[in-house]
Amino acid sequence: MVKVGVNGFGRIGRLVTRAAFSCDKVDIVAINDPFIDLNYMVYMFQYDSTHGKFNGTVKAENGKLVINGKPITIFQERDPANIKWGDAGAEYVVESTGVFTTMEKAGAHLKGGAKRVIISAPSADAPMFVMGVNHEKYDNSLKIVSNASCTTNCLAPLAKVIHDNFGIVEGLMTTVHAITATQKTVDGPSGKLWRDGRGAAQNIIPASTGAAKAVGKVIPELNGKLTGMAFRVPTPNVSVVDLTCRLEKPAKYDDIKKVVKQAAEGPLKGILGYTEDQVVSCDFNSNSHSSTFDAGAGIALNDNFVKLISWYDNEYGYSNRVVDLMAYMASKE
């Protein structure tokens, strides 16, 4: 079991911790968050408005966070370079503050004794890995990696299956995306991106996303062939990708369904899901897949031009992939 520290006990930090407790390959030994004290950590970990109460025990004892009887060391450092990960036995660090996303900034964790850092966000310069798509390209000379974004983790497995079978000439992605913590509850100031500052609960907000372009980094053959945007909508969790693409080889919609289903039951099992049910977003809350293809929602204009729909729990599915990536990396030590 690889010993892991978590930096930033926000949505992803807490859910990575939850996911780790239902996985036997990753052992959370330390958590750092300068803004949340120990007793507050107990409360925030135990109660979750989106995913429900933690199914286990959590308490504070002797200055440690104790989850299911397992004591976890707590740090409250603002500067990553000052966190003594080594003293706590943490070999890997999940960088989930959303702040230290470059090689240089995330690299500060190595100073405190961590051996590797996994950034739980897209990174401008760290190599990005998406489980089921390019994780096998990881080699253990890499000390800092990124698990890309939740949307890239939804789009890339689907794009891979379609491209491998039919070839994608070009495509546009739209993600209809749930609210996240960076948004505002009511209208407020938002730096350069004025629309992002509008009230999250009362608007559909067009927003940028690098998720589609990032697919070109994890599937090099698709580089320059995909781009996309987002609509932020007033739901607390679960998002949906619409991939509209031109196919190289003509395909009936039933052919597409067939290959996606095969991938979901085979090589991409647990990562890509497949459903023919009449589902809506709530049906995917706390779903651990990166992406679930909605066979009944897609449409084809003709044999070369299709719109494909895939759901994802942007919090929990993604957090499970962070854990999977760490387990995979540990298997290569």
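Using the three backbone atoms N, Cα and C, a Cβ is placed for every residue, glycine included.
According to Swiss-Prot, the feature deamidated asparagine maps to Asn62, Asn147, Asn153, Asn223, Asn314 (among others). As annotated by Swiss-Prot, phosphoserine applies to Ser146, Ser149, Ser310 (among others). The annotation N6-acetyllysine is assigned in Swiss-Prot to Lys217 (among others). If you look up Swiss-Prot, you'll see Lys225, Lys332 (among others) marked as N6,N6-dimethyllysine. Marked as phosphothreonine by Swiss-Prot: Thr235 (among others). Marked as region 'Interaction with WARS1' by Swiss-Prot on the basis of similarity to another entry: 1-146. Annotated motif '[IL]-x-C-x-x-[DE] motif' per Swiss-Prot: 243-248, in sequence order. The site 'Not nitrosylated' annotation in Swiss-Prot covers Cys154. For His177, the entry in Swiss-Prot reads site 'Activates thiol group during catalysis', with the evidence type similarity to another entry.
Positions of Swiss-Prot features highlighted on the structure.
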| residue | record | Cβ contacts under 8 Å, 6 or more apart |
| --- | --- | --- |
| Asn62 | deamidated asparagine | Pro71 |
| Asn147 | deamidated asparagine | Ile118, Ile119, Ser120, Ala121, Met128, Phe129, Val130, Asn153, Tyr318, Arg321, Val322, Leu325 |
| Ser149 | phosphoserine | Ala121, Pro122, Thr209, Gly210, Ala211, Ala214, Tyr318 |
| His177 | site 'Activates thiol group during catalysis' | Thr151, Ala207, Thr209, Ala230, Phe231, Arg232, Val233, Ser239, Asn314 |
| Lys217 | N6-acetyllysine | Met128, Asn223 |
| Ser310 | phosphoserine | Cys154, Leu155, Leu158, Val240, Val241, Leu243, Ser291, Thr292, Phe293, Asp294 |
| Lys332 | N6,N6-dimethyllysine | Tyr138, Asp139, Asn140 |
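Take the CB of Asn314 (deamidated asparagine) and look out to 10 A: across all protein chains shown you find 25 other CB atoms. Across the structure, Ser146 (phosphoserine) and Lys225 (N6,N6-dimethyllysine) place their CA atoms 22 angstrom apart.
Close to Lys225 (N6,N6-dimethyllysine) in the fold, though at least 6 residues off in sequence, lie Ile168, Val169, Glu170, Gly171, Gly216, each with a CB less than 8 Å from its CB. Taken together, the residues of the motif '[IL]-x-C-x-x-[DE] motif' (243-248) have an average pLDDT of 99.
In the three-state DSSP assignment, the secondary structure recorded for Thr235 (phosphothreonine) is coil. Neighbour density around each Cβ, counted as other Cβ atoms within 10 Å, peaks among the modified residues Ser146, Asn223 at Ser146. Counting other C-beta atoms within 10 Å of each candidate's C-beta, the modified residues Asn153, Thr235 are led by Asn153. The secondary structure of Asn153 (deamidated asparagine), as reduced to three states from DSSP, is helical.
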